[in-house]
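Visitor: Pasting a structure here, questions to come.
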Amino acid sequence: MERTLIIVKPDAVQRGLVGEVLRRLEQRGLRFVGLKLMKVDREVAERHYAEHRGKPFYEDLLAFITSGPVVVGVVEGPRAIEITRKTMGKTDPAQAEPGTIRGDLALTIGQNVIHGSDSPEKASYEIGLFFREDELVSYERAIDRWIMG
């Protein structure tokens with residue numbers, strides 16, 4: 001079973017969109033196995049965005065993700081990364097398809113509602129940044145046998 005990390009960013013928390021974002025992921029058949037409201041400190045933000053260090057927008061990324069509370073979650077399911085990425089839509093909401101989270105809810109490329117890991121390696125790394133293993137809960141929903149076989 002594949003797992004991936006999602007972050008409902010400060011803009012979405014401030015706009016009251018957390019429930020809508022989580023609902024859309026659950027409706028795609030994904031199961032939340034970890035979920036928490038938190039403030040990201042600068043050290044974690046730097047580790048999370050390490051690949052962007054040195055880029056012109058790096059400091060803005062850090063300032064934004066540490067500017068207010070976020071909701072961090074781990075979802076699992078077959079092809080969880082692919083399904084999450086398609087449900088999110090393109091990074092730039094102006095290019096995201098209607099019906100995607102970003103296409104419907106995001107305002108700008110800098111305030112685009114949600115982050116999702118883009119590979120199994122990144123998912124594993126990012127999950128480890130935000131969750132201890134004992135914070136992840138495996139369980140079966142009644143509907144899982146219909147979705148996951």
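For all residues, glycine too, the Cβ spot is worked out from N, Cα and C.
The feature ATP binding site is assigned by Swiss-Prot to K9, F57, R85, T91, R102, N112, with sequence analysis given as support. Here Swiss-Prot flags H115 as active site, pros-phosphohistidine intermediate.
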Visitor: List the same-chain residues at least 6 positions away in sequence whose Cβ sits under 8 Å from the Cβ of R85 (ATP binding site), in sequence order, or say none.
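Guide: Listed in sequence order, they are G116, D118.
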Visitor: Neighbour count, 10 Å Cβ-Cβ cut-off, for F57 (ATP binding site): what number do you get?
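Guide: If we count other Cβ atoms within 10 Å of F57 (ATP binding site), we arrive at 12.
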Visitor: Reduced to three states, what secondary structure does DSSP give K9 (ATP binding site)?
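Guide: Assignment for K9 (ATP binding site) reads coil.
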Visitor: Quick check on the binding-site residues T91, N112: which one has the highest count of other Cβ atoms within 10 Å of its Cβ?
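Guide: That would be N112, with the most Cβ atoms nearby.
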Visitor: How many whole Å apart are the CA atoms of R102 (ATP binding site) and H115 (active site, pros-phosphohistidine intermediate)?
Guide: 10
Visitor: Counting only residues 6+ apart in the same chain, whose Cβ is under 8 Å from the Cβ of K9 (ATP binding site)?
Guide: F64, I65, V70, Q111, N112, V113, I114, H115
Visitor: How big is the ATP site in terms of the longest C-alpha to C-alpha distance among K9, F57, R85, T91, R102, N112, in angstrom?
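Guide: In whole numbers, the farthest two Cα atoms are 22 Å apart.
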